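*Asks:* Here's the feature list from TrEMBL:
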type	residues	note
DOMAIN	23-448	domain 'Major facilitator superfamily (MFS) profile'
TRANSMEM	21-42	transmembrane segment
TRANSMEM	62-84	transmembrane segment
TRANSMEM	91-112	transmembrane segment
TRANSMEM	118-138	transmembrane segment
TRANSMEM	150-169	transmembrane segment
TRANSMEM	175-196	transmembrane segment
TRANSMEM	258-281	transmembrane segment
TRANSMEM	293-311	transmembrane segment
TRANSMEM	323-344	transmembrane segment
TRANSMEM	356-381	transmembrane segment
TRANSMEM	393-414	transmembrane segment
TRANSMEM	420-440	transmembrane segment
Amino acid sequence: MMYFIQKAFPARKDGGVLTQYLAVVSASICTFTAGINYGWPLPSLKRLMSDEFPLEVTEEDASYITIANNLGNLLGGVLSTFFVDKIGRKHASMVFAVLLMVNLVMIYISWLHIGVLYAARIIGGIGEGGPFVILVTYAAELASPKIRGALCSLLTIAYIAGSLFINVVGSFFDIYKTALICLAFPLLFLATIACMPDTPYYYLLRKDDDAALRSLKFFRMTDDVEKEAEELKLAVARQMSEKGRLVDLFLIDSNRKALILTTFARVFQQWSGASAFGQFYQTILEQSTDMSPVLGSSVIIIVQIVAILFSTSFVDRLGRKPIIVISYSVNCAILLVFATFLTIRDSTSIDTSSFSWLPLPLLTAFTTCFWGGVGNVLGFLINEMYSASIKPVALAVASIVYAISVMTATKFFHYTMYQFGMAVPLYVFAFCSFVGIFYYQFVLIETKGKTLEEIQLELKGVKKCAKDSF
């Protein structure tokens, strides 16, 4: 099939990027399915707790059904470490797509026992967590440096679009019909990704120089790739000369620096409250506004997509850090305003009925800033910061950090919202965001316009490859 694609889009002397976009669009179908899995609780929890579902599901059960997905996410990150270099980025992503299919089939038969539903959510979490390690690696390794940020952003856009899709479709159909409808997407992904080659990086790791050259010609749409191929070969050889064990993530200075940078970056990202909000949009809107929860949450998700599209057009021009810092600063202010409004409404005698519309625009603004900045950019910035030898292990650790951060932030939000009111978790998230602003500004490094090899050299302190843009 790759032969026919090359015939349809023949090599040009000056090269091109169309095949890079085709490969990442195909990969995006998998992250779209992962987004469906992530957003599944939005329309489904109320159905599970209603008479529509034959089994009894309590409020506490609902919170753990939500968290079960994050446990699977953690396992998915670990498993991806094993698969990503053993069978390649492409085939590993296909394995996790099959798990997403199994998740949907199990949801379809979840009426049998509540345990089937928990198992489905864990398996779905594994299927969701793996692709984000693997496919961001796939996109980053095949992309030209000038469009790497834009291509990686497509994966995030598809993820959020999947969340929107399940929110709308799941609101009109029961969980069984919805599961059958969603099965079409992993099947489509398997059919399209099979037509694409793996990345030149992967083939070089397997010492298959001929396959690496064919892959590079395919993705650059030109036969004149010898110089880049030689540079890639030298870069991979140097990186693979370094050890890639778990302990080396802590013992080697550049790896340890990248690990510290990315771990704190991910924790601050999730303790802004974004993931917690994302799984409880309808509940938040029910408690704070009279608007239809389905309509309101759909508006918020659509805004997420628009924000990502907007930031994608600037991420390779402005740089990662400026976008992250600006978005995080605005979000800190929004959280404080939202928490203050809820405090006045719930703890004073002041009449706030004339401002009952305020929560939706605040949530929308928060979502816009988060996904237009740190929510979109941080994922592929993390991927850019590790060498080929340690990347599978490092991204597995990053996935574990992500899953734990999401689980703790989500459970904290759910517990404190019902025990103390929604204002309390918002104040905590605002404080974390305030601290995070300084971290992103003064600690995180810039990767804009740098090759993956140049980023590694900067982490090693060999040279400053490019000035930070912020």
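Cβ coordinates are placed from backbone N, Cα and C, and glycine is handled just like the others.
TrEMBL entries are annotated by machine, without manual review.
Because the structure is a prediction, the values reported are computed rather than measured.
Could you give the neighbours, burial and distances for every feature on this list?
*Replies:* Under 8 Å from some Cβ of the transmembrane segment (21-42) lie the Cβ atoms of residues 5, 62, 65-66, 69, 93, 96-97, 100, 103, 107, 124-125, 127-128, 131-132, 135, 138-139, 142-143, 151-152, 154-167, 170, 182, 185-186, 188-189, 192-193, 195-196, 219, 278-279, 281-282, 297, 301, all in the same chain and six or more residues away from its ends.
A Cβ distance under 8 Å defines the sequence-distant neighbours of the transmembrane segment (91-112), meaning residues of its chain 6+ beyond its ends; these are 27, 30, 33-34, 37, 40, 53-55, 76, 80, 83-84, 119-121, 123-124, 126-128, 130-131, 134-135, 138, 175-176, 179-180, 182-183, 186-187, 189-190, 193-194, 198.
Sequence-distant contacts of the transmembrane segment (150-169), counting only residues of its own chain at least 6 positions beyond either end whose CB sits under 8 Å from a CB of the stretch, comprise 20-21, 24-25, 27-29, 31-40, 42-43, 132, 135-136, 139-140, 143, 178, 181-182, 185, 278, 294, 297-298, 301-302, 304-305, 308-309, 311-313, 315-316, 371, 375-377, 379-380, 383.
Sequence-distant contacts of the transmembrane segment (175-196) (same chain, at least 6 residues past either end, Cβ-Cβ under 8 Å): 1-2, 5, 22-23, 26-27, 29-30, 32-33, 36, 43-44, 47-48, 53, 90, 93-94, 97-98, 100-101, 104-105, 107-108, 110-111, 162, 165-166, 169.
Long-range contacts of the transmembrane segment (293-311) within the same chain: residues 39, 42-43, 153, 156-157, 160-161, 163-164, 167-168, 171, 281-283, 285-286, 323, 327, 360, 363-364, 367-373, 375-377, each at least 6 residues beyond the stretch ends and with a Cβ under 8 Å from a Cβ of the stretch.
Same-chain residues lying 6+ beyond the ends of the transmembrane segment (323-344) with a Cβ under 8 Å from its Cβ atoms: 268, 272-273, 288, 311, 314-315, 350, 352, 355, 358-359, 362-363, 365-366, 369-370, 372-375, 377-378, 381, 421-423, 426-427, 429-430, 433-434, 436-437, 440-441, 444, 470.
Nonlocal intrachain contacts for the transmembrane segment (393-414), taken as residues 6+ away from its ends with a CB within less than 8 angstroms of a stretch CB, comprise 63, 66-67, 70-71, 73-74, 76-78, 80-81, 84, 125, 129, 132-133, 137, 244-246, 248-249, 255, 258-259, 262-263, 266-267, 269-271, 273, 275-277, 279-280, 382-383, 386, 425, 428-429.
If one looks beyond the transmembrane segment (420-440) by at least 6 residues along the same chain, the residues whose Cβ comes under 8 Å of a Cβ in the stretch are 264-265, 268-269, 271-273, 276, 284, 287-288, 321, 324-325, 328-329, 331-332, 335-336, 338-340, 342-343, 346-347, 374, 409, 412-413.
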*Asks:* Using a Cβ-Cβ cut-off of under 8 Å, list the residues of the same chain that are 6+ residues beyond the ends of the transmembrane segment (356-381) and lie near it.
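*Replies:* Residues 132, 136, 139-140, 148-149, 152-153, 155-156, 160, 265-266, 269, 272, 274, 277, 281, 284-285, 288-291, 296, 299-301, 303-308, 310-312, 315, 320, 323-324, 326-328, 330-331, 334-335, 337-338, 341, 440, 444, 447.
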